[in-house]
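**Student:** Features from Swiss-Prot:
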COMPBIAS  146-158  compositional bias 'Polar residues'
COMPBIAS  163-176  compositional bias 'Basic and acidic residues'
COMPBIAS  177-187  compositional bias 'Low complexity'
COMPBIAS  230-239  compositional bias 'Basic and acidic residues'
COMPBIAS  241-285  compositional bias 'Polar residues'
COMPBIAS  301-310  compositional bias 'Polar residues'
COMPBIAS  355-364  compositional bias 'Basic residues'
BINDING   469-476, 515-519, 569-572  GTP binding site
REGION    469-476  region 'G1'
REGION    494-498  region 'G2'
REGION    569-572  region 'G4'
Amino acid sequence: MINDKIKVKDLAIELGVSTKDLLRVLRELEISAKSTISNISIEDLPKIRAQFNTPNTNKEEERRQIQPGVILRRKRQQPSTNQTDIKLNPVDTNVSESTIQTENLILENKNTLSPHIEETTEKIPATTNEILYNSQIAKIVQYPTPSVPNKTLTTTPHQTKKNHSEKDVLESHDSSNKNIKQSSSQNTEKTNRKPAASAIPEGSSAPSLLPPVSEQIRRLHDEETENSSSEEKNVDIQQKEIPSTQVRVISKPNITQSHSWDANNTRSSSGQRTETEKQSNTAPHTDSREHTGHNKRPVSYQGQNRNNFIATPDTIPNVEHDGQNKKKRHTSRRSTEFNHKFQYNNEDDDISRQNRGRKRHKQKTTSQVTTQPIKLTKRKIRVEEAIRVADMAHQMGLKANEIIKVLFNLGVMATINMSLDIDTATLVAAEFGYEVEKIGFTEEDYLVATAPEQSESLKRRPPVVTIMGHVDHGKTSLLDAIRKTNVTGGEAGGITQHIGAYHVTTKSGEIVFLDTPGHEAFTTMRARGAQVTDIVVLVVAADDGVMEQTREAVNHARAANVPIMVAVNKMDKPEANPDRVLRELSDIGLVPEDWGGDTIVTKVSAKSLDGIDELLELLALQTDILELKANPDKPARGHIVEAKLDKGRGPIATVLIQEGTLHQGDTFVCGVFSGRVRAMFNDQGKKVKDAGPSMPIEVQGFEGVPEAGEAFICLPDEKLARRIAESRAIKQREKELAKESRVTLETFLSKTSNEKEAQVLNLVVKSDVQGSLEAILEALRKLSTAKVRINIIHGGSGAITESDILLASASDAIVIGFNVRPTAKVKEVAEQENVDIRFYDIIYKLVEEIKSAMAGLLAPISREVYLGQADVREIFNVPKIGTIAGSHVSDGKVLRNAGVRLLREGVVVYTGGIASLRRFKEDVREVQKGYECGISLENFNDIKLGDVIESFETVEEAASL
């Protein structure tokens with residue numbers, strides 16, 4: 001099992017992520033992991049790896065506004081790309097406004113904007129050409145692909161090429177507008193990336209990477225500038241007077257490519273600056289131009305470094321922090337987020353620069369807000385069958401003492417390691433506004449039959465008939481008469497103490513009989529037999545009539561909704577009175593057919609075999625009416641009728657198959673145990689290879705002794721069966737711990753007071769089969785009283801072992817063996833450890849002796865017996881002896897060795913003994929009524945006339961339960 005799991009911390013090292021991120025993903029996937037040392041199943045690894053294998057290509061820059069107009073920039077590592085290097089050439093002074101956009105933002109004051117431009121490895125003059133931007137946000141343009149012909153514009157400080165004229169711009173104006181809109185609509189999602197940035201102090205050199213700008217957008221802008229107002233033309237003239245700067249290669253982008261913030265990534269994957277970036281260290285200067293129009297231009301390029309792009313809050317796209325490192329987000333600098341106010345809209349890419357700049361107020365855009373409203377999710381905690389207080393506090397983000405305080409208010413004494421069941425956890429979580437969600441492995445998905453049975457696949461099966469009734473009414477004898485065997489002769493005391501399952505072939509067909517015990521201690525066995533049966537045959541003795549267990553059997557059959565047939569047995573006895581039996585049956589609701597009812601009643605005699613054939617015919621008729629069918633071609637399902645631990649073969653269980661066919665080698669799950677069928681035996685002890693519906697078989701191959709009555713289900717996968725069994729064992733353990741640890745103040749106080757007074761009888765019980773053990777434990781628990789409490793230290797099926805003796809020795813217990821015997825070595829260990837072993841084969845003898853042992857634990861009861869009294873009529877003071885009371889015995893007698901009380905006006909003045917009792921001068925042992933005597937009391941002389949001396953004695957009696 002160890003190889004099937006992996007620890008959280010080992011998986012985190014393997015995936016290269018932090019344990020905190022891994023635990024977060026596990027919670028999202030609803031995989032139970034409470035700490036870094038928790039184990040994760042190998043089956044869950046693929047979906048965990050799928051969460052971390054998705055490459056994060058959105059490592060971009062994050063923008064924050066520290067002060068009005070001041071931007072915080074941080075860098076994150078970006079994957080290296082195979083894109084071609086960008087060549088920079090000198091630019092002519094006549095170059096008009098460009099729509100170059102960048103992803104790098106620097107920390108700059110709004111009033112003193114000082115952009116920089118990166119320098120290439122070639123020597124570039126330090127002159128700049130001032131460029132104004134009308135765009136609201138930075139446009140992202142990717143590299144062109146070979147499918148689109150590139151038109152390169154290269155300008156030098158002293159010459160300008162004429163191939164980019166106004167005519168070229170006009171020709172490409174219409175097509176470029178369409179292409180830009182199409183490209184923008186295709187890449188709306190990709191442009192809304194999360195930029196990442198690294199903080200750079202104000203005034204320092206800011207290395208920047210300028211993405212290439214498409215030629216068609218530049219031509220559009222040239223056309224706009226020619227049609228603009230005279231104020232714009234004056235600005236262009238002012239631009240030409242300034243020395244030229246350098247511009248990147250401008251080419252037409254591929255229409256199908258997306259505008260990505262990290263399209264032009266020239267940094268290495270390690271995040272180090274390149275030599276080209278390090279060379280950019282030009283001093284900034286401010287813009288001396290006046291801005292006119294209704295709206296001031298939000299973005300401008302100033303100074304000799306064009307790559308330093310200053311964005312006002314209007315131009316900042318949405319910045320999300322979901323993927324950011326917490327340590328990077330919370331810097332020591334004061335930062336203000338403005339992404340909730342200024343939102344980046346991808347549809348602005350479809351609008352011309354004219355509508356984004358000075359004339360933006362003239363055209364209203366119907367842009368939609370890209371951010372979605374945050375949905376309020378209910379706060380939930382995940383609980384399986386139970387949860388510890390510490391784990392619950394961890395999930396709720398509280399301290400454990402807060403939960404303990406709530407539990408104290410609910411009357412529950414709690415500790416930090418106490419397990420809470422799901423009901424208590426729900427109450428506590430509601431106090432803090434949380435909901436409890438029950439999670440865990442759901443076995444119902446694999447065990448519950450989903451598809452209904454097809455009528456063609458159903459075949460007839462033998463009926464399961466359970467014989468029930470009062471003890472000694474002849475149930476097993478009747479079954480022996482049907483089977484022509486002698487089971488009764490082999491039973492201790494002639495009573496049945498196990499459930500017997502037998503397959504019988506009769507003239508009327510095959511019938512499966514279940515013989516249940518009739519003793520009152522085997523109530524659970526009878527209830528279990530009624531649940532798995534088709535017909536109940538109620539056996540009533542003709543001489544005894546309806547008894548207590550007869551009524552109980554009727555109630556079990558009615559609760560299981562099973563038809564009842566009555567067999568009046570012992571008709572051969574001369575004192576048989578069947579009419580009285582029928583009358584008593586009518587009183588409990590079983591009206592015979594002869595009396596106008598619907599209960600089938602037949603008169604039989606197991607001893608003389610009278611009425612047996614008639615009973616079998618009635619059973620066959622009832623079977624035809626019920627139309628019992630089952631599908632033999634599906635995996636087997638059934639119930640455990642009886643289970644035991646065999647010394648040579650291990651755990652063995654009697655299974656009654658209800659549907660399907662059980663084959664040798666099948667994998668099954670039963671209760672908290674799983675296993676594989678190693679061998680199967682029928683009711684006659686013969687080995688069989690398979691068993692169909694309604695067949696009782698003995699199955700060998702359990703991992704442990706299952707509980708009688710558990711469901712037996714075959715599964716196709718052994719691993720699944722083991723997992724279901726482990727899940728059930730964990731749930732059962734959590735339920736037991738939660739039940740034991742749930743102590744209220746009332747139960748705690750009552751328990752402590754009872755423990756001081758009550759005696760405890762510790763027992764270790766071993767039985768031959770699981771069903772008998774269940775009955776014995778239930779009968780012993782009923783014997784507990786307020787004075788003596790029975791404590792079952794251990795109960796199990798199988799032979800008495802040395803470990804049982806050592807356990808009994810450590811806990812001062814008595815070992816009870818029911819139908820089991822110890823070996824010579826075990827007896828020797830018991831003698832050494834002074835452990836008492838008691839053996840029984842009849843359950844009521846066991847119960848009687850345990851009662852006697854319980855009574856022996858009680859201390860004897862002291863009882864006071866009144867003997868008589870004497871009236872004081874004279875007082876004599878004798879030197880050296882004291883006061884002597886001359887008394888007359890008015891009632892009963894006064895004994896010399898008895899105790900006495902001195903009563904004065906009805907008040908007890910003295911209680912003690914008699915020092916001397918004399919009649920005349922002789923010492924006497926007793927004085928009868930009507931005689932006079934002299935009485936002196938021990939150590940007491942204050943006797944007065946008129947006092948009454950009462951005589952009594954104390955008698956000890958054995959305590960009773």
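Cβ atoms are placed via backbone N, Cα and C, with glycine included.
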**Student:** When the pLDDT values for the region 'G4' (569-572) are averaged, what is the result?
**Tutor:** 82
**Student:** For the region 'G1' (469-476), jot down how many residues DSSP puts in helix, in strand and in coil.
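**Tutor:** Looking at the region 'G1' (469-476) with DSSP, the answer is 2 helix, 1 strand, 5 coil.
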**Student:** For Met571 (GTP binding site), which residues in the same chain are close in space, meaning a Cβ under 8 Å from its Cβ, but six or more apart along the sequence?
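**Tutor:** For Met571 (GTP binding site), the qualifying residues are Ala542, Pro578, Lys603, Val604, Ser605, Asp610, Gly611.
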**Student:** Least buried of the binding-site residues Gly469, Asp472, Lys475, Thr516, going by other Cβ atoms within 10 Å?
**Tutor:** Asp472
**Student:** Counting by DSSP secondary structure, give me helix, strand and coil numbers for the region 'G4' (569-572).
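**Tutor:** The counts are 0 helix, 1 strand, 3 coil.
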